[in-house]
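Working notes, structure below.
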Amino acid sequence: MTKEIPKINNEYLKEKRKKQRIQQRRVQRMIVGILVVIVLLILVYMFTPISHIKSADIKGNHYVSKQDILKELDIQNHPRIYAYSSDDAETRLKQNELIDEVTIEKGLFNPIEVNVKEHTIIAITTEKSRVVPMIENGKVLKDYKQEVPNEAPYIEGFKGAEKRNLIDALQKMDRTTRAQISEIVSAPQKDQPHLIKLFMRDGIEVVGNTNTIAEKLKYYPSMSQALEKDETGKLKKSGFIDLSVGATFIPYDNVNNGQTSSASAKEVQSGTASEDKAKDDLQKALNKIKDEESSE
């Protein structure tokens with residue numbers, strides 16, 4: 001017995017194909033609509049102020065001013081982001097000797113982001129009668145023409161190995177410590193070739209050794225506070241702090257009277273009660289700090 005073949009409903013197939021065509025046209029219209037919108041958005045972005053660079057978010061600069069960075073970015077005419085060459089801008093910025101590294105990141109909209117990594121100014125010196133900065137690797141920026149920040153010590157009289165020793169010491173200090181020093185002068189003696197004089201910004205003179213000054217100067221704020229001062233902040237008993245060996249306060253009277261031959265490690269003989277108290281307070285302050293550090 002032969003199996004009967006089912007009849008195909010032509011009307012049903014026609015209706016199904018019709019619905020499929022309608023659905024396909026809807027999808028096609030949707031795709032075309034989306035493409036049109038995308039093209040319009042691109043045109044709006046490219047030919048309206050939306051794509052203009054109007055500002056820059058600058059981070060990491062300390063010595064180099066924002067105005068100097070903006071000048072090298074060259075965005076005052078509001079260039080369009082997609083046409084702006086960040087590589088060229090980075091090259092211009094790196095011509096500043098205080099800038100070590102710089103990266104410029106662009107998004108679809110402004111501002112652009114500028115990340116600056118600067119060299120650290122560890123000292124100020126004189127080159128051909130011009131005050132110029134010295135950076136962390138010991139390089140003197142001889143052609144530096146901008147204003148030198150007044151937050152690093154001025155150094156004088158250092159050459160050769162002793163200059164290298166001083167640079168090493170300054171590298172070990174943090175920015176806050178260096179900023180407390182106004183000037184450093186080389187003052188070698190026969191028995192102490194590494195002796196230096198530091199003139200602090202609070203008016204106190206410090207004598208030290210280039211090999212140990214970085215470690216000892218960390219305690220300077222407490223040393224300074226331990227010394228008795230008048231209402232104007234000046235020392236009641238003028239003198240200097242000797243850090244060449246240990247920590248000692250030496251009144252200038254002792255030096256003038258010949259009680260100490262130099263700013264050396266020699267202990268000062270007992271003076272007046274106020275002198276002894278100043279020395280004791282200074283030594284106690286240093287001992288206290290060292291005890292606290294060792295207990296951490």
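Note that Cβ sites are derived from N, Cα and C of the backbone, with glycine treated the same way.
According to Swiss-Prot, the features are:
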type	residues	note
COMPBIAS	256-273	compositional bias 'Polar residues'
COMPBIAS	274-296	compositional bias 'Basic and acidic residues'
DOMAIN	51-119	domain 'POTRA'
REGION	256-296	region 'Disordered'
TOPO_DOM	1-29	topological domain 'Cytoplasmic'
TOPO_DOM	51-296	topological domain 'Extracellular'
TRANSMEM	30-50	transmembrane segment
Intrachain residues whose Cβ lies under 8 Å of the transmembrane segment (30-50), provided they are six or more past its termini: 78, 80, 82, 108-109
Counts by DSSP class (helix H/G/I, strand E/B, coil) across the domain 'POTRA' (51-119): 20 helix, 20 strand, 29 coil
